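K.L.:
Pasting in a structure now, in structure tokens, and then I'll have a few things to ask.
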Amino acid sequence: MAAGCLLALTLTLFQSWLIGPSSEEPFPSPVTIKSWVDKMQEDLVTLAKTASGVTQLADIYEKYQDLYTVEPNNARQLVEIAARDIEKLLSNRSKALVRLAMEAEKVQAAHQWREDFASNEVVYYNAKDDLDPERNESESGSQRIKPVFIEDANFGRQISYQHAAVHIPTDIYEGSTIVLNELNWTSALDEVFKRNRDEDPTLLWQVFAADRLARYYPASPWVDNSRTPNKIDLYDVRRRPWYIQGAASPKDMLILVDVSGSVSGLTLKLIRTSVSEMLETLSDDDFVNVASFNSNAQDVSCFQHLVQANVRNKKVLKDAVNNITAKGITDYKKGFTFAFEQLLNYNVSRANCNKIIMLFTDGGEERAQEIFAKYNKDKKVRVFTFSVGQHNYDRGPIQWMACENKGYYYEIPSIGAIRINTQEYLDVLGRPMVLAGDKAKQVQWTNVYLDALELGLVITGTLPVFNVTGQSENKTNLKNQLILGVMGVDVSLEDIKRLTPRFTLCPNGYYFAIDPNGYVLLHPNLQPKNPKSQEPVTLDFLDAELENDIKVEIRNKMIDGESGEKTFRTLVKSQDERYIDKGNRTYTWTPVNGTDYRYLALVLPTYSFYYIKAKIEETITQARSKKGKMKDSETLKPDNFEESGYTFIAPREYCNDLKPSDNNTEFLLNFNEFIDRKTPNNPSCNTDLINRILLDAGFTNELVQNYWSKQKNIKGVKARFVVTDGGITRVYPKEAGENWQENPETYEDSFYKRSLDNDNYVFTAPYFNKSGPGAYESGIMVSKAVELYIQGKLLKPAVVGIKIDVNSWIENFTKTSIRDPCAGPVCDCKRNSDVMDCVILDDGGFLLMANHDDYTNQIGRFFGEIDPRMMRHLVNISLYAFNKSYDYQSVCDPGAAPKQGAGHRSAYVPSITDILQIGWWATAAAWSILQQLLLSLTFPRLLEAVEMEEDDFTASLSKQSCITEQTQYFFKNDTKSFSGLLDCGNCSRIFHVEKLMNTNLVFIMVESKGTCPCDTRLLMQAEQTSDGPDPCDMVKQPRYRKGPDVCFDNNVLEDYTDCGGVSGLNPSLWSIFGLQFILLWLVSGSRHYLW
């Protein structure tokens, strides 16, 4: 009985699948649908193969083997050579640093401090003179130089090699005795700057960052008014990561915040801001956490131990600090017990160097001696204390805490003292480095960051400069323990890239380098989008690629300094980040000795183990093409586009005197004119690059002349194209090339790189533009890599393809899918059917073809936005898999700023949120001025001036760094057919799915979504803003890293009796007034142009 019921139920379900709910006509059988798909596939592949000439181009390469050789890409040899070249480059820069540091110490030791200077005695060029042309008068005791500048291609700006420039922060009085003395003795560095450049003309910026100024060479205006007029300069070299890194060893820091009831109002706001500023003095080599205390102590965030001080973790801590509230009573014992126990927890990843507690409080009577006696008897943990706000507490107890624990005591009575007093602790941490002498003289290399003087992405080598005044020749008499400053030398990433040539590796081969934190120095996906970001560019290798267990292993071995090689199959994200392909890659890595970036790797796909090298012969460059009509180089001239097809060449550095240009026509003319004047064998040229592009020009021209031009117009084909490794792109006919939108640099072209990784014909969806014309009008791109075996060696030197007219494709498709006879509406895919949706998607889930006109206008759109429920079901049945990836280099509009109405784009039109936020700054500034007026009468040396943070005012004016997430879809497996019911609760939709062999396409036939309303929530693929992975979870399993090899955190000779107090502060009250009145003016409605 039970078996009979089960059989009846099965038959009923089967019949309901065959007969759709909206029609009595049966749904086409899988066999029928497959026959349609097979016919479509055959027609498409035949069309693409015939029209593109993929076989013919392969024949041309094989026919003319005498014009080139096949050379090996020996991965081990290539990576070793590149590693040694990078090592040599950084070593040369390090030598320049050492010369500068030695001279600086020598000159300063001989310098006689002076209280007075004669008028115009100190001569220098102030880099900020051009910021205010009407205010170029010199301060008392100094005289300004007026350099003659020339435009320099290496720096991309106005330069004078005859002088150095000086930048003095806005909060520093240029005429002060300290500044005049620093200007005086650092002027001797100019000659060393020049000698360094004479020895190595490729040197870029050389900088000495002292306490109150930065001297850099060559001289250049700080701001180019022609590019960024009316910009307020708020730069301070002391806040730059490279200066902070060079001034002290890594830190384990616990910030302890008093949140008792007495800490309220303005004091609490000052503490919040002070903690945020303190966090900005930390780099990725440091570890930190923030705890609050009153009668109890607790972490302010989800972090329960020290965490790496990276950008994301610091943001979590800043957000948490901004939410703390004040209540209860102060118990220093509870607070310090909590701080010491967390700071001394060695079971977590940490810096294992300077151990620091930073106490922010409004003061108190308790000293907590027994806690220090218990946890810090040997004084291995430094305690810095900050008395914040105006109050009547005795400063003695918290000053005692600092003095007893080798720290320093600071007072922050107002906003004006925050910036300077939250960075002064670096001088204390620098004492052991000075006392260590030459042992501490080790060049360190920074993370990648954007140069303040618009040099682009750079790394900086740093070396501390010590005050050796009074030191004996044998360095046993150490009378001084102060750091004078940090010396820096920049290295452009472009210079390093030139040592890792890529144009023989094929577009999917690349080098990358990482540091001990796992951050990349080189990687094709290292592309920060925020040109104004002050943060270092810290992109982890596992975030630059699609992570898997093998890559984690490779990263760990590289950090450990091992050499190795591994071949495996991996997921590869496309250049345009819309697709994911699967490909075999071989990773080969080796150490780079003597640098922080000690690890270099080369990644090669299997088809780039060999490459084509054109023979270096005059006959190649000047011979006529095999057709005999014109020289190979002449086929690149715009005058010959009608005959040879519209031609693009990759904008590469073929010769030193031939600069790449984004204007293809201009570049082609310059290229041909150069070739006519000079042979490619000219010493200033890259002979291999030029010969290869000329070789490809001849081969592709022969394809056009002997094949494409002889074919009759093929219906449905809008264009044909060929793209080569050598950098040639030809589009035929000429008219089609005039609308060509692909990247002329073939190594950065998404469809080209995808074609190499796929053996099939790759159909590429155009970009969907909601507000623009239909994307389908440009045609559907179909491409195929040319595959060769020359002497048994696999090569893929080019990609050919066509663009298909969508309307012709739809017409052929509907004819293919019509059944005869067909009495009902369900039996086929007739155009604009009311009950049947027939679509073709690519492997990324993008729409390429449909039987509905309203779908046709959405060609190129992700199917999850068109039929969300069906797309979700395609994932559920394992047709598609997906990968969610994060981009940590994105920029977004400020989240708090809504779209504004009319008004000049450069003017600040604040939102309510902005007004509330900045309102506090205005209020606090007003209070600060009143406090300082009163305090100056009693304590004229109490306060320190400060530069205000640029981001406080400009964050809402431009893009902000942010995290975005994007989901890429791809075929999960090789299964060809899927059938079933899409259940929508009250109704269902029958569907059948069939992949098209030898392509990246899939055909879907499904009952119309209009016949069965279902879940309409869009499934998004496009990039969206995101919070990224939860940092609270990430810190529980931190990625493997190694800190610096050396640590200078304690020295028995250290004199720590200088531990702070108001007597040590030397303010510039009028600087504070000026800055804060400017602040009030800015936030009170002035339409000041900040950029």
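Every residue, even glycine, has its Cβ placed from backbone N, Cα and C.
What Swiss-Prot shows for this protein is this:
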- 1-24: signal peptide (SIGNAL)
- 25-1061: topological domain 'Extracellular' (TOPO_DOM)
- S119: phosphoserine (MOD_RES)
- 252-429: domain 'VWFA' (DOMAIN)
- 258-262: motif 'MIDAS-like motif' (MOTIF)
- 445-536: domain 'Cache' (DOMAIN)
- 1062-1082: transmembrane segment (TRANSMEM)
K.L.:
Where does the mean pLDDT land for the domain 'VWFA' (252-429)?
P.N.:
94
K.L.:
How many other Cβ atoms are found within 10 Å of the Cβ atom of S119 (phosphoserine), counting all protein chains shown?
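P.N.:
The Cβ of S119 (phosphoserine) has 10 Cβ neighbours within 10 Å.
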K.L.:
Can you count helix, strand and coil residues in the domain 'Cache' (445-536) using DSSP?
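P.N.:
Each residue of the domain 'Cache' (445-536) counted once, the result is 5 helix, 33 strand, 54 coil.
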K.L.:
Mind checking how the motif 'MIDAS-like motif' (258-262) divides into helix, strand and coil residues in DSSP?
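P.N.:
So the motif 'MIDAS-like motif' (258-262) is made up of 0 helix, 1 strand, 4 coil.
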